[in-house]
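What follows is a single structure, written as structure tokens, with notes after it.
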Amino acid sequence: MASSSSVLLVVVLFAVFLGSAYGIPKVPPGPNITATYGDKWLDAKSTWYGKPTGAGPKDNGGACGYKDVDKPPFSGMTGCGNTPIFKSGRGCGSCFEIKCTKPEACSGEPVVVHITDDNEEPIAPYHFDLSGHAFGAMAKKGDEQKLRSAGELELQFRRVKCKYPEGTKVTFHVEKGSNPNYLALLVKYVNGDGDVVAVDIKEKGKDKWIELKESWGAIWRIDTPDKLTGPFTVRYTTEGGTKTEAEDVIPEGWKADTSYESK
């Protein structure tokens, strides 16, 4: 009969085998990249996905809930962040400068990407799985496809303030399925920190703020027995603590699957 130590050894070896076979993380994620970590360049691995010149996901969306990320103002300069970058959705909308110096096709010049999707592949403490367009943007002019053919490379990154093109307004998308007793909001195009960590609404003529809960990605929601009629003022808080109010941005008679811009 096998000894208990022999059985334990077999179990351990089997666990190691399963870890190798099924991709149990071998490289733990790094510390979260916050809005206040500073401007030091850090090392990361980078890959790309989707069409070579596309915005990543087939539907031009992603785990943050944004749509049409191939169009302005994201314009396909998008990517997935791993755990310390995506942060269970709280990293959605944050901006990073990235650059590479190897292979030779790299320009060495930084470009800005927006976090719009999630990536949990455990290949490095920090990992950006970029759109094909964003990956190619790190190349010397004319060498975009040559760089994409590398597949995976080392890059340097740092978090930066988001600076959307002039005229871009913070936008609140009332998600599909919203009704007077259920409201889900996606907040996007936030300058500065870029990401949102809290959302509250206030009905016109009332003093009380109603806190929304995180749903998924960049979407916040509330279920209430009392009907929400609007107009609503929306207050959103970024990771750095900045609070901004968009007065009466959601009008009376609001509709689901509709976007409303701040004034």
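Heads up, the Cβ atoms here are built off N, Cα and C, so glycines get one too.
Note that this is a predicted model, so its numbers are computed, not measured.
Per Swiss-Prot, signal peptide is recorded for 1-23, and the stated evidence type is sequence analysis.
Among the features that Swiss-Prot reports, N-linked glycosylation site is placed at Asn32, with the record citing experimental evidence. Asn32 (N-linked glycosylation site) carries neither a helix nor a strand DSSP state and counts as coil. Around Asn32 (N-linked glycosylation site), the same-chain residues six or more apart in sequence whose CB sits under 8 Å from its CB are Pro84, Lys87, listed in sequence order.
The domain 'Expansin-like EG45' feature in Swiss-Prot is assigned to 61-167; the stated evidence is sequence analysis. The average per-residue pLDDT of the prediction over the domain 'Expansin-like EG45' (61-167) is 96, rounded to a whole number.
Under DSSP, Cys64 (disulfide bond) is assigned to coil, being neither helix nor strand in the three-state scheme. In the structure as shown, the Cβ atom of Cys64 (disulfide bond) sits within 10 Å of 27 other Cβ atoms. Annotated disulfide bond per Swiss-Prot: Cys64-Cys92 (among others), in sequence order.
Long-range neighbours of Cys95 (disulfide bond) (same chain, six or more residues apart, CB within less than 8 Å of its CB): Val112, Val113, His114, Ile115, Arg159, Val160, Lys161, Cys162, Lys163, Gly194. For Cys95-Cys162 (among others), the entry in Swiss-Prot reads disulfide bond.
Note: Cys106 (disulfide bond) has non-local neighbours Lys99, Cys100, Met138, Ala139, Lys140, Leu147, Leu153, i.e. same-chain residues 6+ apart with C-beta under 8 A of its own C-beta. Taken from Swiss-Prot, the feature disulfide bond covers Cys100-Cys106 (among others).
Among the features that Swiss-Prot reports, domain 'Expansin-like CBD' is placed at 181-262.
Counting other Cβ atoms within 10 Å of each Cβ, the lowest count among the disulfide-bonded residues Cys92, Cys100, Cys162 belongs to Cys162.
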